[in-house]
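Peer 1: Below are the features I grabbed from Swiss-Prot:
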- Lys117: active site, N6-AMP-lysine intermediate (ACT_SITE)
- Asp32, Ala33, Val34, Tyr35, Asp36, Ser81, Leu82, Glu115, Arg138, Glu175, Lys291, Lys315: NAD(+) binding site (BINDING)
- Cys409, Cys412, Cys427, Cys432: Zn(2+) binding site (BINDING)
- 600-680: domain 'BRCT' (DOMAIN)
Amino acid sequence: MPDQSERATELRNLLNTAAHAYYVLDTPTMEDAVYDRLYQELLELEQNTPSLKTADSPTQRVGGAPAEGFTSVEHRIGLLSLDNAFNRDDLSAWNERLLRAIDRPLGSPLDLVSELKIDGNALALSYRNGVLERAATRGDGQRGEEITANVRTISAIPLRLRLDNPPEWVEIRGEAFIPDNTFAEINAERESRGEALFANPRNACAGTLRQLDPKVVAARRLDFFAYTLHLPTQEQPASQWDALTWLENAGFRVNPNRALCADLADINRFSDHWEQARHDLPYATDGVVVKLNNLVLQDEAGFTQKSPRWAIALKFPAEEAPSRLLRVVVQIGRTGVITPVAEFEPVALAGTSVSRATLHNADRIAELDLHLGDTIVVRKAGEIIPEVVRVLPELRPSSATPVQLPEHCPECGSNLVREGDEVATRCVNSSCPAILRGGLRHWVSKGALDVDGLGSKLIEQLVDQGLVRSIADLYRLDAALLGSLDRMGERSANNLIEALKLSRQRSWARQLYGLGIHHIGEVSAKAITAEFSDSNSLMEAACTAPERITAIYGIGTELAQSLQQWFSNPANQHLLDDLRSQGFRFALDDNDPGRLGAAASEQHLKGLTFVLTGTLPTLSRSEAKERIETCGGKVSGSVSKKTDYLVAGEEAGSKLTKATTLGIKILDEDRLQAMLKDSP
């Protein structure tokens, strides 16, 4: 058993190593819950024995130093992190410390504000005469990285304050984050391009903000909530609640899930509610931030070296669970990437039963030293994706054997290859049935051709029975053949044939995305097809003038090289010709969203918010969303007072009822199509 001095040294080393990996390398090595527990242990050791406190202790600073590659800037006002409370006793102890700091009797009432703690990355935004002048990361709390060019790409951050008489100088603090649905789309695109997946939204956000190319940041669609306001003293609002109102009036998004609290009981009720309800939110939250409402009293309370005395983060309990690893299976993606997946005894996490989690790649398996039969600790990263966070080797049975990935593709028997610096292992056999199935699933997916009724099970039947050997073969199927397959009746077969016919009308951007070219996602496909009106002009540029492609906003060299390689492959040229023989043009047409957008010199739906509900006669939900956004409109997932139009199809449901109650205008598909075509 180490003595206190040895334990303090051990904790400092562990925490400093983890902080360096998180803040400087952007490669977290320790989950938050473990870091928080170890930090709390070190803090208590130093408080009980002050001689153990050293200058390099993580309790004496906020985080890691700025990384190389960006300019280091000094914060005008320190951007400190918050102390944590892990239970009600911790919260009560903080409240007593706060009362002593402002010289109030214990038990005195205090007005407090409770706000959700967004699981993202803190930013400091400086405005000069209402115009965004500088944006910086937290860094070590005193100095951060200047990332203004990246932050300008975040739509939720105004470049100019929406104020008639903006102050000469103001600084706003807030949290950049990636919403859950956006995170899922980013990982889906990365998977489609054969790239490693992000572990959770916060890590994805941190890595995005530190990209040297702002085009990459723009493509990942970060969001932002503002929560702190710093004005010259004479202009500062009287309270935190008023400051939040000021921020809303200035054009910032402020989290609506907040409350004025008269005592700790109010705070605990707020925290208890959101601990359960957080799973319904479109973003990750890991606790509640409690702040003293009166800003004059905040100044009186002041700061410790590390954090403000007038605020604390009340953390939700970390959702982790132990389980036993049963087996590791491999999945083969449409690009041939082999993804190992852990299968374990079911555990309950974040309101759902979980029994599988991706292991990402062979390096991750080696890092975990994973053995079959191991007791593993599982959590939902960002409350979304199950992941294996660690192994408990002390519980390893004597019969446990190391996990070994196969050397040959389990589908076709070809050698598996790991090229260059890639972490991914691939099957490089283009005729591999698993790659074909993945390519077909991608082609018919909602973001691509959106073929209703053609799911994974049916695709497996078609490939396994040799009925489909390429994408083009889908369009040679007939209703009689489909009707003879398992679980396919005459009606289902006829519906699928109609859906395949309808897919020929999808936009040029969707067709390009559906081809599954390495590195091309939905966003980049739209950008490319806005510049090149057909596949022939795109192929010519890809093979002879790649600089025309890299000149497109958001398109880099890797993507241009992927296009060149794809179009140079005779098999892919044959596929295009085969699909053209089945009615595909691979070009803009009069109803294409790209042409609709080009026809309107101004985005004539800009500033309007739409909500889609029910089934439309001809447009899929994703296609209607795409066309509205091309014309400048915004599509929201829920009805509110800010909604301008509800587009309602069959079986519209509760959204239609709510919209009618709020007096929101209702559109059918015909009226929507008319709005899309009408330009000012």
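Backbone N, Cα and C atoms are what each Cβ position is placed from, and that goes for glycine too.
Remember, it's a predicted structure, so these values are computed and weren't measured experimentally.
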Peer 1: I'm trying to understand the geometry here, so how far is the Cα atom of Arg138 (NAD(+) binding site) from the Cα atom of the residue listed as 'active site, N6-AMP-lysine intermediate', in Å to the nearest whole number?
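Peer 2: On Cα coordinates alone, these residues lie 16 Å apart.
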Peer 1: Mean pLDDT for the domain 'BRCT' (600-680), rounded to an integer?
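Peer 2: Mean per-residue confidence for the domain 'BRCT' (600-680): 82 out of 100.
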Peer 1: What does DSSP call Cys427 (Zn(2+) binding site) in the simple three-state scheme?
Peer 2: strand
Peer 1: How many Å separate the Cα atoms of Cys412 (Zn(2+) binding site) and Val34 (NAD(+) binding site)?
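Peer 2: About 42 Å separate the Cα atoms of these two residues.
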Peer 1: Out of Val34, Leu82, Cys412, Cys427, Cys432, which has the highest number of nearby Cβ atoms, where nearby means within 10 Å of its Cβ, if these are the binding-site residues?
Peer 2: Cys427
Peer 1: Please identify, among the recorded positions Val34, Asp36, Leu82, Lys117, Lys291, the one with the smallest Cα-Cα distance to Cys409 (Zn(2+) binding site).
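Peer 2: Smallest Cα separation from Cys409 (Zn(2+) binding site) among Val34, Asp36, Leu82, Lys117, Lys291: Val34.
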Peer 1: Reduced to three states, what secondary structure does DSSP give Asp36 (NAD(+) binding site)?
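Peer 2: Reduced to three states, the DSSP call for Asp36 (NAD(+) binding site) is helix.
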Peer 1: Among the recorded positions listed here (Lys117, Cys427, Cys432), which has the Cα closest to the Cα of Val34 (NAD(+) binding site)?
Peer 2: Lys117
Peer 1: When the Cα of Cys432 (Zn(2+) binding site) is compared with the Cα of each of the binding-site residues Asp36, Leu82, Lys291, which one is closest?
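Peer 2: For Cys432 (Zn(2+) binding site), the spatially nearest of the binding-site residues is Asp36.
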